[in-house]
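What TrEMBL annotates here:
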- R7, Y14, E26, E74, K92, D93: ATP binding site (BINDING)
- R7, E67: substrate binding site (BINDING)
- E26, E74: divalent metal cation binding site (BINDING)
- 31-48: transmembrane segment (TRANSMEM)
- 54-73: transmembrane segment (TRANSMEM)
- E67: active site, proton acceptor (ACT_SITE)
- 94-115: transmembrane segment (TRANSMEM)
Amino acid sequence: MKFHNLRLVLSFVYALRGIGRAVKYEANMRVHLVAGALALVGAAFLKIMPYEWLILFLTITLVIFAELINTALEANVDLVTKESRPEARLAKDVAAGAVLFASANAVVVGLVIFVPKIFPGVF
Ligand SMILES: Nc1ncnc2c1ncn2[C@@H]1O[C@H](COP(=O)(O)OP(=O)(O)OP(=O)(O)O)[C@@H](O)[C@H]1O
């Protein structure tokens, strides 16, 4: 295998390892994955529209993406300082805020897609 091809494969392996580590060490990541999987099963069961699938995939991706960035940032902050520092608090709180924002969006999307199918005539 050519050197640059090997580097490409390795970067893919490292990325998968990063996702695996986040799943292993972050309880919140496991919660997001289970919620996402349940939403996908529910969507298949309720036969949602193609555009709803797109929105659902984007929404789940956004939550997982935010949690991965949050996990990376937490590790980076812990690497920089073990002391209680206002900058560390700000960085971690803001990153957690990003996850909260994406999760709130996921709740709204879930309600808008699923509630009318489970309780017709609600909206
Ligand atoms: N070095 C620090 N200096 C000041 N405040 C901190 C520091 N580390 C953490 N905190 C505060 O404690 C909160 C929790 O931090 P922690 O590292 O336990 O992350 P967490 O949100 O519990 O994430 P997780 O449980 O997913 O690892 C942060 O949001 C921040 O407000």
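Here, residue 1 is simply the first one shown, and the rest follow in order.
A Cβ is built for glycine as well, from the same backbone N, Cα and C atoms used for every other residue.
Location within the structure of each feature annotated in TrEMBL.
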residue: R7; record: ATP binding site; Cβ contacts under 8 Å, 6 or more apart: none
residue: Y14; record: ATP binding site; Cβ contacts under 8 Å, 6 or more apart: none
residue: E26; record: ATP binding site; Cβ contacts under 8 Å, 6 or more apart: E67, T71
residue: E74; record: ATP binding site; Cβ contacts under 8 Å, 6 or more apart: K92, A95
residue: D93; record: ATP binding site; Cβ contacts under 8 Å, 6 or more apart: none
List those of the binding-site residues R7, Y14, E26, E74, D93 whose Cβ lies under 6 Å from any atom of ligand 1, in sequence order, or write none if there are none.
E26, E74, D93
Which residues of the same chain, at least 6 past either end of the transmembrane segment (54-73), have a Cβ under 8 Å from a Cβ in it?
18-19, 22, 25-26, 28-29, 32-33, 35-36, 39-40, 43, 48, 91-92, 95-96, 98-99, 101-103, 105-106, 109-110, 113
Apart from its near flanks, which chain residues at least 6 from the ends of the transmembrane segment (94-115) lie with a Cβ under 8 angstroms of it?
28, 32, 35, 39, 42-43, 46, 48, 52, 55-56, 59-60, 62-63, 65-67, 69-70, 73-74, 122-123
For the binding-site residues listed here (E67, K92), tell me which residue's CB has the most neighbouring CB atoms inside 10 Å.
E67
DSSP on R7 (ATP binding site), three-state: which is it?
helix
For ATP, whose listed binding residues are R7, Y14, E26, E74, K92, D93, the greatest C-alpha pairwise distance in Å:
35
Three-class DSSP secondary structure - E26 (ATP binding site):
coil
Can you see whether DSSP assigns E74 (ATP binding site) to helix, strand or coil?
helix
